[in-house]
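Student: Sending over a structure as structure tokens; questions will come in a sec.
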Amino acid sequence: MITLLHPYRKAGHRYSRCQVPSAKPRLAKLVPIKKAPPYTGPTRPLIASLPATNAGRCASSEVNMQRQMWRSTAAGTGTQTRTWTPTSYRHRYRHRQTQTSCLKLKLKLKSNLVKMLGASILLTVAIAVQFQSIWASPVKTIAVRTAYAVKEKHRVPTRWTKLARAPADAVLKLQIGVKQSNFGELERHLNEVSDPDHHRYGKHLTHDEVNELIKPSDESLHLLHEWLAANGIVYVSYSPAQDWINIQINVRTAERLLDAEYHTFKHEDGTEIVRAPTWSLPEHLHGHVDAIQPTTSFMRAMKREEVAVAAETIPWPYPGINEARSPALRKVCTINGTTPDCFATLYQTKGYKQKAAGKNQIGFNNFLAEVPIRPDTKKFLSIYKPEAVSGADSFKFVSIDDGPQQNGSLTPAQLADGASVEANLDVQTIIGMTYPMPVTAYTTGGEPPMIPDEAAGDPPGNEPYLAWINHVLAQETLPQVISTSYGDDEQTVPLDYAKRVCNGFAQLGARGISMLFSSGDGGAGSIAGNNASACISNDGDATFKFLASFPPSCPYVTAVGATQGFEPETSCSRPANGYGPDGKTHGYYASGSGFSEYFKRPSYQDAVVPAYVRNMQGEHRGLFNPAGRAYPDLAAQGLYFKYVWNDTVKIVSGTSASCPLMAGVLGLVNDARISKGRTPMGFLNPWLYKKGYKAFTDITTGYNGGCNTTGFPTTTGWDAVTGFGTPIFPKMLAEAGCA
């Protein structure tokens with residue numbers, strides 16, 4: 001049964017089917033449901049319209065459109081829509097305060113209505129007029145649009161060009177971030193359960209406990225209900241904590257709702273999205289809404305991309321890449337292409353036997369239509385880890401927003417696009433390190449969050465992290481480690497939106513989930529690489545500066561940088577004109593790093609980051625924010641991984657390789673903890689900066705460049721290139737209490 005928000009209902013009362021109060025109708029405001037039935041799905045509709053069987057009689061075209069959208073997209077979004085199917089619904093009430101006060105009708109309900117039809121002609125006409133108005137336009141805007149003020153304005157980032165107005169009939173999947181009631185308390189819990197010296201260390205919160213802490217106030221929900229209902233929005237759904245409201249409306253309605261203009265914007269790489277760089281709300285709602293997207297966010301889930309090579313080239317191997325020296329390492333590791341056996345030997349996981357079967361999992365994210373290919377993965381494992389071949393068939397897909405799932409080989413279209421390089425790299429690296437640990441591949445649809453009218457074309461866009469995080473936050477059981485190898489320049493994301501996404505990562509951390517992100521491949525600069533022209537601020541002054549990357553800049557995630565070579569490992573920095581071991585020239589790439597302009601330095605970094613900045617002695621002063629959250633936190637191998645794509649062994653580089661590798665090592669640490677009756681590591685950084693750093697090999701050679709500068713240097717201890725360095729598995733077990 002779905003709850004019908006009746007205009008005359010009492011707060012907390014639910015009516016099933018056509019049950020309505022028999023007393024005289026009482027004027028009342030829409031209020032949030034406080035006594036709704038238990039619900040186990042990820043989201044639930046909050047405002048119900050009439051059933052589709054009589055939509056033509058009792059609902060406007062906009063209501064029909066919303067109903068069809070909810071039903072057609074429920075499976076892909078995870079939203080469960082329940083159909084209300086009464087046997088009779090003769091009485092459809094809508095609140096018309098002015099009409100009711102003028103007509104002063106005393107209506108009897110149900111069967112009494114028939115008797116009233118024989119009354120006076122005047123009363124009959126009045127009733128007909130009243131119900132004709134109600135039936136003809138049940139969702140007409142009934143509130144006067146007053147006191148709107150700009151809520152957010154975000155400059156269009158460089159490399160984006162505004163094109164035409166967005167098609168009015170294209171349909172947006174709009175997400176409204178309702179102000180969370182007590183995030184500060186959640187953050188306190190997160191810090192306590194993640195601090196190895198605190199008595200609550202490892203006592204993570206449950207799914208329900210997190211939701212209870214951050215759920216919005218009744219006042220916020222009540223005001224937003226009124227606003228949406230007044231603007232004809234009859235189908236909505238909530239996140240489990242009710243801190244996100246999801247609606248599907250066309251661009252025309254969104255522009256009226258937000259007093260905004262949506263345009264199509266085109267990136268220099270050809271990507272097109274639809275955004276509204278300025279939007280407004282009634283002033284009384286400003287304190288109740290943190291963010292609404294897609295509006296101002298130009299963030300894309302950008303995967304690693306190589307920058308064009310220079311005219312002159314450097315032969316392979318170029319300086320700074322050290323071969324293995326010890327016999328054991330030389331036997332399995334070569335700078336011409338690293339493999340699972342090399343990683344297991346280098347980081348000393350070789351020989352570890354997993355003990356927490358069925359209790360420990362690992363997951364990784366896929367965006368931009370990326371999907372791991374099982375036949376390619378099977379071939380990779382058959383060559384480099386034969387005992388794990390069955391892992392190619394056993395990893396599971398979780399599709400979000402119609403994310404792709406695929407069991408066969410690459411299609412001709414995928415081959416033409418070069419698709420699934422990232423996804424294949426991730427799954428092959430993770431299974432190669434963690435088999436037989438269960439693996440989950442999340443695939444989030446990024447094309448598009450707009451559902452176009454068939455005649456309106458296909459205006460694409462992308463809000464990947466929000467769609468993914470709202471899905472996983474709704475799940476009670478999740479992998480204990482999740483790896484993500486995608487990011488974008490921090491300045492492409494509005495501050496309020498970045499904070500809400502980052503808060504979502506904190507919610508996962510409080511539940512004991514370790515969130516690992518690749519730090520980027522552009523060194524100290526933009527994700528665009530070593531191009532100084534790309535390192536330009538988006539504040540209107542077009543200032544030359546280093547650009548941090550998001551989500552690595554979020555203080556509630558662990559950012560993973562990259563190293564190269566073996567004895568010793570050095571920071572990864574490949575020249576733009578260097579040949580690789582495959583005889584081909586490869587673009588510039590360096591371990592990504594940065595200092596956030598959005599998030600202040602977290603307390604767990606206070607003991608190391610200020611000292612690092614002082615030791616730079618003013619180098620690059622003014623190009624970065626020394627008071628911001630600094631990253632990466634640690635590192636792993638990131639140069640020339642062997643992988644299989646289209647049934648062919650190839651090599652690839654990037655922190656997008658380092659991140660799943662580090663996630664695999666952490667997954668094994670969790671296995672050891674869980675097998676001893678302990679909880680997983682959870683949010684890693686407080687442990688890492690307080691004591692865990694002793695379990696990592698300090699990288700002291702190299703720098704990362706970026707923006708056509710020398711970038712940040714490595715040094716003893718933490719640095720803004722490799723963090724605390726690369727893992728030593730036996731020492732990690734010891735510092736995690738599992739020796």
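Glycine too: its Cβ is placed from the backbone N, Cα and C atoms.
Unlike curated entries, TrEMBL annotations are predicted automatically.
Values in this document were obtained by computation on a predicted structure and should not be read as measured data.
Pulled the feature table from TrEMBL, pasting it below:
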- Glu422: active site, charge relay system (ACT_SITE)
- Asp426: active site, charge relay system (ACT_SITE)
- Ser656: active site, charge relay system (ACT_SITE)
- Asp698, Ile699, Gly717, Asp719: Ca(2+) binding site (BINDING)
- 337-739: domain 'Peptidase S53' (DOMAIN)
Student: Suppose the Ca(2+) site is Asp698, Ile699, Gly717, Asp719. Which further residues of the same chain have a Cβ inside 8 angstroms of that site's Cβ centroid?
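Tutor: For the Ca(2+) site, the extra neighbours are Thr700, Thr714, Thr715, Thr716, Trp718, Thr722, Gly723, Phe724, Gly725.
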Student: Using DSSP and three states only, what is Gly717 (Ca(2+) binding site)?
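Tutor: Going by the DSSP assignment, Gly717 (Ca(2+) binding site) belongs to neither helix nor strand, so it counts as coil.
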Student: Among the recorded positions listed here (Asp426, Asp698, Asp719), which has the Cα closest to the Cα of Ser656 (active site, charge relay system)?
Tutor: Asp426
Student: Fewest other C-beta atoms within 10 angstroms of its own C-beta: which of the recorded positions Asp426, Asp698, Ile699, Gly717 fits that?
Tutor: Gly717
Student: Counting across all protein chains shown, how many other Cβ atoms sit within 10 Å of the Cβ of Glu422 (active site, charge relay system)?
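Tutor: 25, counting other Cβ atoms within 10 Å of Glu422 (active site, charge relay system).
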Student: Distance check, please: Cα of Ile699 (Ca(2+) binding site) against Cα of Glu422 (active site, charge relay system), rounded to an integer number of angstrom.
Tutor: 26
Student: Reported as an integer number of Å, what is the Cα distance between Gly717 (Ca(2+) binding site) and Asp426 (active site, charge relay system)?
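Tutor: So the Cα of Asp426 (active site, charge relay system) lies 29 Å away from that of Gly717 (Ca(2+) binding site).
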Student: Using a 10 Å radius around its CB, how many other CB atoms surround Asp719 (Ca(2+) binding site)?
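Tutor: Result for Asp719 (Ca(2+) binding site): 30 other Cβ atoms within 10 Å.
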Student: For the domain 'Peptidase S53' (337-739), would you mind checking the mean pLDDT of the predicted model?
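Tutor: Averaging the confidence scores along the domain 'Peptidase S53' (337-739) gives 91.
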Student: Within 10 Å of the Cβ of Ser656 (active site, charge relay system), how many other Cβ atoms can be counted across all chains shown?
Tutor: 29
Student: Round to the nearest Å and give the CA-to-CA distance linking Asp426 (active site, charge relay system) with Asp719 (Ca(2+) binding site).
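Tutor: Roughly 26 Å, rounded to the nearest whole number.
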